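Heads up, the thing below is written out as structure tokens.
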Amino acid sequence: MLRAVALAAARLGPRQGRRLLSAATQAVPTPNQQPEVLYNQIFINNEWHDAVSKKTFPTVNPSTGDVICHVAEGDKADVDRAVKAARAAFQLGSPWRRMDASERGRLLNRLADLIERDRTYLAALETLDNGKPYIISYLVDLDMVLKCLRYYAGWADKYHGKTIPIDGDYFSYTRHEPVGVCGQIIPWNFPLLMQAWKLGPALATGNVVVMKVAEQTPLTALYVANLIKEAGFPPGVVNVIPGFGPTAGAAIASHEDVDKVAFTGSTEVGHLIQVAAGKSNLKRVTLELGGKSPNIIMSDADMDWAVEQAHFALFFNQGQCCCAGSRTFVQEDIYAEFVERSVARAKSRVVGNPFDSRTEQGPQVDETQFKKVLGYIKSGKEEGAKLLCGGGAAADRGYFIQPTVFGDVQDGMTIAKEEIFGPVMQILKFKSMEEVVGRANNSKYGLAAAVFTKDLDKANYLSQALQAGTVWVNCYDVFGAQSPFGGYKLSGSGRELGEYGLQAYTEVKTVTVRVPQKNS
């Protein structure tokens, strides 16, 4: 329902679209803008612990800059404890290893039910800690969390091996066995959703998990940890550690008793994790990293739709999306009109209190990101891009940035090459389809891309030519738990979601048995 409402709202344009979205949000419960923080420790073996070091760190409300609370700071010693608990839970004969696959699915469904029960609280806590609009937390993020967990619950007893008719008097078959102890490191831009993306396939296939949550946004993941216990998962199956990348994250990536690591975050850190995994026990690695995704607007595109979708592609989630459409390529004969309309749309974007249902854009997640984005804006101006709107802070307090649009952007500019991760739109001009393919692919990234055209031949050609793990045609940011997501080149390795997402969490074992006589 939400996606249909959002698409209809986009087609109507900003003013009428907001009215439609406003009507849809009337069914959304009124949030508590100061939700109580119930859990701020480390979750190991279904119990809450202080850090071994007794250290804590503050988590901050990005709308105000005020400290929400202090959270236990896990590091190597805590990772060691969590891995030990996970390894014990994975031993042969343990309750988790002996559990029926269908029962694992039931537990995942139970977890989804508990999250749905506490949906209003979780959405409010996500908004408080992350800064994204509450209406997005409730209608988008939580909706996708529930669908992801329930999707993988259904796979628990359906992802299995095969019998193989090899020659001779033999019976041969394969088993899909869990990898073992899975280290999972999740980012701050979609804390609840990324937790679900990681937990769903890992638990459905019978693995155990040591998860490090982002230091900027630890609160919702810790609350879900308690729901995991309430759902009935055995002790040690899921362990959650708040902490910092160079300490807790590095300890997971280099741990000799961790069998796999899955990471979502920057390409820079992805390099470090790949190296640490290789230098330790050559653990399996799944990486979902950065992007600089091209969004190609052909001259025959539906102008109203393309403008609104390009705006959404860049500015959604305060621009803090790895797959954001951050290089908007527009064919030259519609360039001027597209730029004019895009600037008008950006100027109409509502920035403010994320708990206000009228707000489209909240603050950046923290001061570091705030300053980083402003630095990229400064770079764009210095390198000759034309600043058409925005360009500065949007409030005296908190980490709000004005919706910003640059025109006359050239491929060699810093803002056209590097991932900004903020509300900064770059619009580039192109002449021919062949030209734009070369320019779009001339990037170290390859996470996503989009094409807007009414010509099926152009859509097919471009979707095949673009070097990206996902290509959207006449839409953007359309996700489903059923469809895989991942990147080419420096945007990562492996896939999450869909049946493909299960492969990274299983080992395929061949068993061959000699029999007295084989019959067909």
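Easy rule for this one: first residue shown is 1, then count along the chain.
Each Cβ is built from the backbone N, Cα and C atoms, and glycine gets one as well.
The transit peptide feature in Swiss-Prot is assigned to 1-21; the stated evidence is experimental evidence.
Per Swiss-Prot, motif 'SIFI-degron' is recorded for 13-27, and the stated evidence type is similarity to another entry.
According to DSSP, Lys55 (N6-acetyllysine) is assigned to coil rather than to any helix or strand. Residues or ranges marked as N6-acetyllysine in Swiss-Prot: Lys55 (among others).
The N6-acetyllysine annotation in Swiss-Prot covers Lys76 (among others). Cβ neighbour count for Lys76 (N6-acetyllysine): 17 (other Cβ atoms within 10 Å of its Cβ, all protein chains included). For the recorded site, Lys76 (N6-acetyllysine), the DSSP three-state label reads helix.
Counting every protein chain shown, the number of other Cβ atoms lying within 10 Å of the Cβ of Lys162 (N6-acetyllysine) is 10. Sequence annotations record features per position, and here Swiss-Prot assigns N6-acetyllysine to Lys162 (among others) based on similarity to another entry.
Residues or ranges marked as NAD(+) binding site in Swiss-Prot (evidence: experimental evidence): 186-188, 212-215, Gly245, 265-270, Glu288, 419-421. Following the DSSP three-state reduction, the secondary structure of Val269 (NAD(+) binding site) is helix. Around Val269 (NAD(+) binding site), the same-chain residues at least 6 positions away in sequence with a Cβ under 8 Å from its Cβ are Gly245, Gly249, Phe263.
The number of other Cβ atoms within 10 Å of the Cβ belonging to Asn189 (site 'Transition state stabilizer'), over all protein chains shown, comes to 23. Marked as site 'Transition state stabilizer' by Swiss-Prot: Asn189.
Its Cβ taken as reference, Glu288 (active site, proton acceptor) is surrounded by 27 other Cβ atoms within 10 Å in the chains shown. DSSP assigns Glu288 (active site, proton acceptor) to a strand in the three-state reduction. Residues or ranges marked as active site, proton acceptor by Swiss-Prot on the basis of a curator's inference: Glu288.
Under the three-state DSSP scheme, Cys322 (active site, nucleophile) falls in the coil class. A 10 Å cutoff on Cβ-Cβ distances gives Cys322 (active site, nucleophile) a total of 27 other Cβ atoms nearby, all chains included. Marked as active site, nucleophile by Swiss-Prot: Cys322.
Sequence-distant contacts of Lys371 (N6-acetyllysine), defined by Cβ-Cβ distance under 8 angstroms and a gap of at least six in the same chain, do not exist. Under the DSSP three-state reduction, Lys371 (N6-acetyllysine) is assigned to helix. The N6-acetyllysine annotation in Swiss-Prot covers Lys371 (among others).
What Swiss-Prot records for Lys378 (among others) is N6-acetyllysine. Under a cutoff of 8 A between CB atoms, and with a sequence separation of 6+ in the same chain, Lys378 (N6-acetyllysine) has no neighbours. The DSSP secondary structure for Lys378 (N6-acetyllysine) is helix.
Taken from Swiss-Prot, the feature N6-acetyllysine covers Lys386 (among others), and the record attributes it to similarity to another entry. Look at Lys386 (N6-acetyllysine): DSSP puts it in a strand. Around Lys386 (N6-acetyllysine), the same-chain residues six or more apart in sequence whose CB sits under 8 Å from its CB are Phe406, Gly407, Asp408, listed in sequence order.
As annotated by Swiss-Prot, N6-acetyllysine applies to Lys429 (among others), with the evidence given as similarity to another entry. Reduced to three states, the DSSP call for Lys429 (N6-acetyllysine) is strand. For Lys429 (N6-acetyllysine), the same-chain residues 6+ apart in sequence whose C-beta sits under 8 angstroms from its C-beta are Phe329, Val330, Gln331, Glu332, Tyr335, Asp408.
Per Swiss-Prot, the feature N6-acetyllysine maps to Lys431 (among others); the stated evidence is similarity to another entry. When Cβ atoms from all protein chains are considered, those within 10 Å of Lys431 (N6-acetyllysine) total 10, not counting its own.
Summarising the environment of Lys444 (N6-acetyllysine), the number of other Cβ atoms within 10 Å of its Cβ, over all protein chains shown, is 13. Annotation source Swiss-Prot lists N6-acetyllysine at Lys444 (among others), citing similarity to another entry.
Taken residue by residue with DSSP, Lys454 (N6-acetyllysine) is part of neither helix nor strand, so it is coil. Long-range Cβ proximity for Lys454 (N6-acetyllysine), meaning a same-chain Cβ under 8 A and a gap of 6 or more residues, is found for Asp300, Ala301, Asp302. The N6-acetyllysine feature in Swiss-Prot is assigned to Lys454 (among others); the stated evidence is similarity to another entry.
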Please report the distance from the Cα of Lys212 (NAD(+) binding site) to the Cα of Lys431 (N6-acetyllysine), rounded to the nearest angstrom. 46
Relative to the Cα of Asn189 (site 'Transition state stabilizer'), which of the recorded positions Glu215, Cys322, Lys431 have a Cα no more than 10 Å away? Cys322
Between C-alpha atoms, which of these recorded positions comes nearest to Glu419 (NAD(+) binding site): Lys55, Lys162, Cys322, Lys431, Lys444? Cys322
Please identify, among the recorded positions Lys76, Cys322, Lys431, the one with the smallest Cα-Cα distance to Lys444 (N6-acetyllysine). Cys322
Going by Cα-Cα distance, which of the recorded positions (Lys76, Glu288, Lys431) sits nearest to Ile186 (NAD(+) binding site)? Glu288
